[in-house]
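Structure record follows, encoded as structure tokens.
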Amino acid sequence: MTPGSVCAGRPAALTLSLSPGGPVVPLAAAASALGGLVFGYELGIVSGALLQLRRELGLSCGQQEALVSALLLGALLASAVGGWLIDRHGRRNAILLGNGLVLGGSAALLGGSYPALLAGRGTVGFAVCLSSMSCCIYVSETVASERRGVLVTLYEAGVTVGVLAAYAVNYLLSESAGGWRWMFGMAVVPAGLQLVPIWFLPSSPSSAQNPQSQRELLSAVEPEEPDDWSVCSSSRTGRVGLGVLRLCQSRDNMRTRTVLGLGLVLFQQFTGQPNILFYASTVFRSVGFRSDASAVLASVGLGSVKVAATLTAMLFSDRVGRRPLLIGGCSVMAVCLLALGLLGGRSPADVPAPCGALGGNDTRSAVGNLTGPGSVLDQGQTPLRSGSQDVQQGPWDGSGESPPDWTVLLCMMAAVSAFAVGFGPMTWLLLSEIFPAEVRGRAFAFTNCFNWAAHLLVTSTFLNAMDAIGLSGVFLVYGLTATAATLFFYFLLPETRGKSLESIDQELRLNRCVWKHTPVCTPPPDTLLCVCVCVCSWWSAGSTTAGSAGASVVTRTLPHSTRG
């Protein structure tokens, strides 16, 4: 076997190890799902923990915001330096480092002092961001092209399950003395479990099942990095990664790839999905869901719909394709968000005062304490200023005389479902596919840095935006953004389904304008099929508001997803 044959396709030993019966696929699947579970759990658990920390430590609103922001700032730092770590020391080693930091950060959180909490949450934020980038890249480079979509999407499924698990833990430990220590500490369970499959996985696809001859062959191709599968791409083309600056160059069509990557992460955030989940109770209360039980049930229903839709995306990502799922999901989101904007004008919205309970004068963007039983969204409301005019509370004001507006609930479920089918999994799958191997880690980190920055911007300005233009205006802006995203991806996004990473790289280097090359694009009927998938996924999961129906949706979807 010559070096050229290795770069042209997967070696025989590697092909066998990555077959459905080989050990790499289930181990990679377990590592991907557990990595997503840790990420989702850490995102959701702070909501319930802050309720107890505020009482026990007497935290001010500013201190709560700093504690929440510590995780996001840690993630931003990981985005800045994580790409270098991933490319320099390998994907597997970066995942192991992330797991170790999660364990260390969780231990620091148990100290109980405010500085220890800040340090622990910052460390955890760095860890989960580094692990998330590493997992997506590692899985995309490890598994065969026909299974890449399922296994990378499995990470997003783990995130949604992790968020639901965090909400459940928050509810169970909400009345326990010192329960916040258990809330933070339980993150070590999935993090520790992820160490098991990662420990047995190869350092790179080229060393799967550790064939010595394969290692020697890769050493001959690139002596300095024999364990990195990306050396095939580098050695074959003679290119050397030049860091982040190369992402802005026109060579190899890198500028277009970077624009596409930034479009994926920025449109994902600016369509307002984080705020739909964070401020769900605010919207529900404004349309008639006044009791705590109904607000919690609606939030759990949204989470269950998100899980079910993500599992549906797993089923179709390698069958329908990335392009139709993303374009179809954006289309459904645009319709639902515009509908929410029109429907939102029918009911006065009550905006929470996150710092009111503490009597502080700080800003109202305490993102971390917005969801879950007993959170600030379940406490007192204040009138919303819409267009500089006070909106007086209407018949929803605790009287219970007016029925809930179920149309708004269904539109929110459809929007969340469309996001989970489109943006949720496809963003990270495509980011792990569109960049060449030698800069993939740094490119992923570069775009992820913008993702976290946009996340901070969107969530921290939501209440002020509602104060300025009203709930209806905010959703109309989100709907118009989703419409722009649909057009952006229709003209710029290539189809990568069933293609090797090397083949994707070749096509993107040759195609300056994707829309001029029809073989790269997916026919319109596939996009229409994806719209049907989004609608059917939402419709099948809509019954989650009845309580136990949410679990039945997930149970029905799981057997199909395992066949993808």
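First residue shown is number 1, and so on along the chain.
Glycine is no exception: its Cβ is also placed from the backbone N, Cα and C atoms.
According to TrEMBL, the protein has these features:
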type     : residues : note
COMPBIAS : 378-392  : compositional bias 'Polar residues'
DOMAIN   : 28-497   : domain 'Major facilitator superfamily (MFS) profile'
REGION   : 378-400  : region 'Disordered'
TRANSMEM : 24-46    : transmembrane segment
TRANSMEM : 66-86    : transmembrane segment
TRANSMEM : 118-139  : transmembrane segment
TRANSMEM : 151-173  : transmembrane segment
TRANSMEM : 179-201  : transmembrane segment
TRANSMEM : 259-281  : transmembrane segment
TRANSMEM : 293-316  : transmembrane segment
TRANSMEM : 325-344  : transmembrane segment
TRANSMEM : 406-431  : transmembrane segment
TRANSMEM : 443-463  : transmembrane segment
TRANSMEM : 469-493  : transmembrane segment
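Just going by CB pairs under 8 A, the stretch in 24-46, 66-86, 443-463, 469-493 that sits most against the transmembrane segment (118-139) is 66-86. Away from its own ends, the transmembrane segment (24-46) comes close to residues 17-18, 67-68, 71, 95, 98, 102, 121, 124-125, 128, 131-132, 135-136, 138-139, 142-143, 147, 151-152, 154-167, 169-170, 183-184, 186-187, 190-191, 193-194, 196-198, 200-202, 205, 208-209, 368-369, 371-372 of its chain (Cβ-Cβ under 8 Å, at least six residues beyond either end).
In this chain, the transmembrane segment (66-86) does not touch the transmembrane segment (151-173); fewer than three CB pairs sit within less than 8 A of each other, excluding pairs fewer than 6 residues apart. Listed stretches 179-201, 325-344, 406-431, 443-463, 469-493 were compared with the transmembrane segment (66-86); the greatest number of C-beta pairs under 8 angstroms is found for 443-463. The stretch from 179-201, 325-344, 406-431, 469-493 that makes the most Cβ contacts under 8 Å with the transmembrane segment (443-463) is 406-431.
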